[in-house]
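Undergrad: First the structure, then my questions, so here it is.
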Amino acid sequence: MSKTFEYVICGGGTVGCVLASRLSLAGHSVLLIEAGPEDYNDRIMSPVAAPHLHGTEWEHNLMTTKQPGLGNRSVPNYAGKLLSGSSGINYGLWTRGHSVDYDSWAKAVGDERWNYANMLKYFQKTETQISTTAAARIYPLREPIRNAMVAAGLDYNPDPNGGNPLGFGPFTENWKNALRQPASKAYDLSKATVLTNSVIARVDFDDPKTTATGVTLTDGTQYTATSEVLVTCGALKTPQLLMLSGIGPQQHLAQHNIPIIADLPVGENYHDKISATFFWKLRHPEKGYALGSPRFNKPEFRHGNPIEWVATVPTPHAELIKATQQDQIDSDDPYLQKPRGNVEVMVAYAPIAGGGSEFRLPMDGTHISSPVVLLLPTSRGRITLASADPTADPVLDPGYLDTETDRAAIRAGMRVALRLMETESAKEVIDGETPPPGHEPLTSACSDADLDRRVQIVGSSFFQNGGTAAMGTVVDTQCRVKGVRNLRVCDASVLSVPLAGHYQAPMYALGEAVADMLLAQ
């Protein structure tokens, strides 16, 4: 095997696979290096297996520091550790997000290539509409839940991926023929050299320490990049690799005796989305309304997540203004200019709890759930090194719910979830909320303090990490690391602000956009 390539890609995740495919098919020599294995076993490929992949060898199983916003709990945070990355272990959600988010991103960094109109072609390039839901995969509670959303005052949105997700609409997934579509299968890697089960120790630089020249693995093997090194390890692991390579905050690197190459705020600006879930007891579980019931047994129900509707809602304006004033957010901030998709509310026909939640129920067909996801967190944390050992886990401090703006948003979403189940349509099938032991059921009229206490028990990561090598401070608008040459970061680390959606679709689009930049050189 050659040790020299035009491009060396560090991380065989979603974006890494896109870049390796596009560059190699265009005739460039490409080495794609992944820390985990290449695996397509049934546990990975099944659409309903994702909850059971947490804690396995196919994930980086990380823990946050104790989070004051979550009752001083440490909660799990996961990232894919296999060829395909998180596209190989995620829940298959396919959401582009809100056009306003992309337009704000472009304005903030001063480059219109990142606005929604320009990113749309990259979404479309990676998408193929293969089907709508098969008639046999219509769940028993489809109409009662739809009617509840209407009764709760939510507007129907037939295309939440059309640039404005506000309202409620169909839940969109990217399974094909009842199988996962990992990036390494969806994109042709036949012309790329793929190296799995290989951990990168550092990015190498030339003698003046200004130009990236390749990488060194933990076993000492070195590979040379004659054009560029592309870092695509994901928002949790990319900052670790950069800092181990001398790219990061000078004072922090000095603590670990790492020679500085570029003093940049790597690991800062860390944002992640949290979720809080309600469980609802069914009036007639014997009718087969939920996963775990013997009558919830159509084969088509295993073709995707047991979810049909998703709502995206803004924080009520008066509450938003009050909270942002408390946080001293400038009135000109784009966050305040238009209604944004602050929170997502789903109804799952199973008691789906977030990773790290202290309250769980068995999947025995007696309960459904409402996951509430904070889509646009304003809280910021940081990722740091625990040591200079590349096999050690980084230290994650996301700062969950540090701002009143975030607390107001998650409360607003929780009230929507409660209001849904207080409608007459929902009450026909729902007996009520099952709260954590020792707690009373909540209502939409409960106090803010009641909601805050609940989040401290059930709040957990939704595994949508970003911002740790942010565009504008760490990389430029072409994802090139500042202060050095021939080094780019191409993953959710570059998202200086969150997007109101799940990051799978945006990361595919990001990969396509960066591939176009490289091929245009």
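In case you wondered, yes, glycine gets a Cβ from its N, Cα and C as well.
Below are the features I grabbed from Swiss-Prot:
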- Thr14, Val15, Glu34, Ala35, Leu82, Asn90, Tyr91, Gly92, Leu93, Ala492, Tyr503, Gln504: FAD binding site (BINDING)
Undergrad: Just to verify: the residue among Tyr91, Tyr503 with the fewest other Cβ atoms within 10 Å, which of the binding-site residues is it?
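TA: Each of the binding-site residues Tyr91, Tyr503 was scored; lowest Cβ tally within 10 Å is Tyr91.
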Undergrad: With every protein chain in view, how many other Cβ atoms are within 10 Å of the Cβ of Leu82 (FAD binding site)?
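TA: The Cβ of Leu82 (FAD binding site) has 28 Cβ neighbours within 10 Å.
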Undergrad: Counting every protein chain present, what is the number of Cβ atoms, excluding its own, within 10 Å of the Cβ of Thr14 (FAD binding site)?
TA: 32
